[in-house]
Amino acid sequence: MGMGVGGGGEAAAMAAVEEEGKEEGEGGKGWRAKSKLSAAVAMVGVALALSGVLVLHRSLRHNALVKAEEGIVCMCEERARMLQDQFAVSVNHVHALAILVATFHYEKQPPALDQDTFADYTARTSFERPLLSGVAYAQRVMHADRETFERQQGWIIKTMKHEPSPAQDEYAPVIYSQETVSYIEGLDMMSGEEDRENILRSRATGKAVLTRPFRLMSNHLGVVLTFPVYLVDLPPDAKVEDRVAATAGYLGGAFDVESLVENLLRQLAGNQELVVNVYDVTNRSNPLVMYGSEVPLGAPSPSHTCTLDFGDPFRNHHMICRYRSKPHVPWSAITTPSGVFVILMLVGYIIYAAWTRYDSVKEDCRKMEALKKRAEAADVAKSQFLATVSHEIRTPMNGVLGMLDMLLDTELKSTQRDYAQTAQICGKALISLINEVLDRAKIEAGKLELESVPFDLRSILDDVISLFSSKSREKGIELAVYVSERVPEILLGDPGRFRQIITNLVGNSIKFTERGHIFVQVHLADHSNLATEPKVESVANGINGHIDETSVVSTSVSHNTLSGFEAADSRNSWENFKALLSYDTNNMAYGSDSENVTLVVSVEDTGIGIPIHAQGRVFMPFMQADSSTSRNYGGTGIGLSISKCLVELMSGQINFVSRPNVGSTFTFTAVLQRCERNAINVSKSALLHPLPSSFQGLSTLLVDKRPVRATVTEYHLQRLGIASKSVRTIEQALSVLLGRNGTSLTSMPRKQLSMLLVESDSWDLKRDIPLRTRFSEMKQNGCESVFPQVILLALADSDKMKAEYAIDSVITKPLKASTLAACLFQSLGISITQANNEKKHHGPDSLYALLLGKNILVVDDNKVNLRVAAGTLKKYGAKVECVESGKDALELLQAPHKFDLCLMDIQMPEMDGFEATRQIRAIEAKAHNGDNSEPGSTAKKTGWHLPVLAMTADVIQATHEECTKNGMDGYVSKPFEEKQLFKAVQKFLGPSASS
């Protein structure tokens, strides 16, 4: 079988290698083609990137030019607006002077204004007119009034050339002038042709009128502003005739245009960038420069022209602005395209690298797929190997456990029964050890699932105690278990996995403990806050950093623990234990109404502890403290790893506190479900193991100097229905028995006081001789029936101990309810086998009721397995027929046949179980078509379908799936137990199957 498995795996691996080589050849050709394609794509990408960069550069240059044009428009408009505003302010000042002249020269009699006053006023207010080089007033004089006027003034009217003015209709001689232009006093402003036209336009419109640009005395270009002065106020819509008639004179001012523009540009930032020109364009064919150099109107772009409004409707003025030099190409038009090109190259490189990486990853995936196929082939071979090994180991174990089970059904003494049960439990533990490696494989594959069935937690803990009882007695250490009364009697969960966790933890404690005790406690999470709250000292990840590994703990000091030795976790002290007991005695309700029950389980030992440097890797698989651990204590280092995974599957957590040379305390939580006994299916009630009720109403007195150990003993007595009271010394026990000092068992009548239980280390023979003497005196007086039987609780049993202590019996520890029950049964003379048989045959839906009278065919090539299976089935009333091959089974199952059930082994020579089942189904199909059944036969009733259950020692999921695939109805793992067998056959042989 092993060679077949190896050959199949090797063939699959070779096929995978050949396929991988072919794929690598095809992949190499494709790789070269992809490389050429990648180079071509890269070149096209670079060309497209360059084209895009050039387009971007031109776009940026165009945008920069547009922005420059927008900037020059904005700046030119701003300068034109400010120039117009400042010119308007100056015009307003001239207008104010005109009003001043009209008011003080014409409306006052005699006039309040003369040349000196005018000159002084204009000089003192010249700061208000910084753009005017001077102002003067010319009076309107008619020709008829010329002589009178000249006589009054004392000078004659002269022309602009300083010659006597010729005769004309009217004159406009300057009578008042600012000191800066005093040279024009007496000159006729109407002697010049252009001045005359300006004066006539001014008085006809009532607005300021400008002259053409000319050179002022400062050699700056300027214009003359002329404003009419009326004798009376005129409405805005006055006629020309009325304006001419009301005209009294003309006020004029010389404007320095160059100074005006320069002051304006000086106030504004950025004037160095612009060249500004102001033109008089009244004659568009011959524009006159008012400011700036002689630049033609068609200046090179970019430039902007603004229209200036100086208030003279007869003259037009323009401002032309342009940059001093041609705008430079902005750096952004160079750097941005360059940066974009670099980015495009980087992006292209990234895409190319990603593409290349994708191809590489794709190629790696192809190789990994090939490796995966090889690994799967190896996994199949491994699974077949594990199935074979599992079958080969479980097959002899099936015989061992089956024979032990048959042995337990015979008449045995209590000690013999205990030995046989212990051997049976050890065999089951061996099976569990075999399963650990398989469990680890299931955990790693994520295929481990928990079942949910009702179970008795206390019975499971008793089984664990039985498993390690001999080892604990051999080492002389106390092994005890205590379950809080508040923990429900029946729980829903996975009992096998819960037992596995406890077994691993207690097994480790037994292995590493040479003195002291191992104490297992189970409480409800809501009631164990005192035991689980953090310590004052920081303990992280189970490491107590304050403990020196080399320290040696003195054992001369007795501690209030189970054995008197110090425990690692001080939180599990007697004080906290008493607080937890108070929850039980006060009948305090569970703190949660949910169906879930959270248990806190602690396993405390006083062993060697875990070295500090190794505490961080305790839960790592196949890891131990050091190499000497495996050499001195054995083990694989996988148990705690599996326990941690199982605890997490139960929605719990596991942690520990360990102190070198003191001990370790492992604590874990598990979330289970409540299950009331009356809610359990009748078919499942057979799976529970209730304790006998024969001891109800009995009472006992316990002598134990250690309160923790006394509480544990009372817990086991209470489970049997025995009332108990504990005292610490023999003297106190005598006082209670004899009623001294008013002390008596008022709650326990003397006639019902059945036993006096005494712990061996609480009975000092030297000090407690009076007890033996008193008992002897009472026996001589014939009063021994009044006193209870004296039973010693000790770690070892011997006849010498009975004689030495003068006692009736010895109960060897560790204690469990079944041990106490067996001892009492023997003392009372009750047959245990009879009680077991009565319990075994209870109820119509028990395994006995299911199998009674049923014809069952067992097919197995192993004679021991046949003997075990036949013995087990006959025990429950079945009619069993055995054959050793699949061919023999086919001969017996030719229709019609008498069998109700067939148990078929899978691995058999000549014809295995799968092939035999397929042929059975073919026979049934043929018989069904021919309908050759006999009246009342089972085949007819079941539609020619015989239930076939595989008897397999394999625990691999693939084996279970193969059973269903080949027509089997289920399977029973070897070695099978009553619980498993009942569950498997119930749906085929139960009442529901018959209906």
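In case you wondered, yes, glycine gets a Cβ from its N, Cα and C as well.
What TrEMBL says about a protein is an automatic prediction, not a curated fact.
What TrEMBL records for 1-10 is compositional bias 'Gly residues'.
According to TrEMBL, the domain 'CHASE' annotation covers 109-320.
Under the heading domain 'Histidine kinase', TrEMBL lists 388-674.
According to TrEMBL, the feature domain 'Response regulatory' maps to 855-989.
Of all Cβ atoms in the shown protein chains, 27 besides its own fall within 10 Å of the Cβ of Asp905 (4-aspartylphosphate). Per TrEMBL, 4-aspartylphosphate is recorded for Asp905.
As annotated by TrEMBL, region 'Disordered' applies to 1-30.
Listed as Cβ neighbours of the transmembrane segment (37-57) (distance under 8 Å, sequence separation of 6 or more from its ends, same chain) are residues 333-334, 336-338, 340-341, 344-345, 348, 352, 355-356. Taken from TrEMBL, the feature transmembrane segment applies to 37-57 (among others).
Residues or ranges marked as transmembrane segment in TrEMBL: 329-355 (among others).
Within the model, the domain 'Histidine kinase' (388-674) carries an average pLDDT of 78. Residue counts for the domain 'Response regulatory' (855-989) by DSSP state, with H, G and I taken as helix and E and B as strand, are 63 helix, 24 strand, 48 coil.
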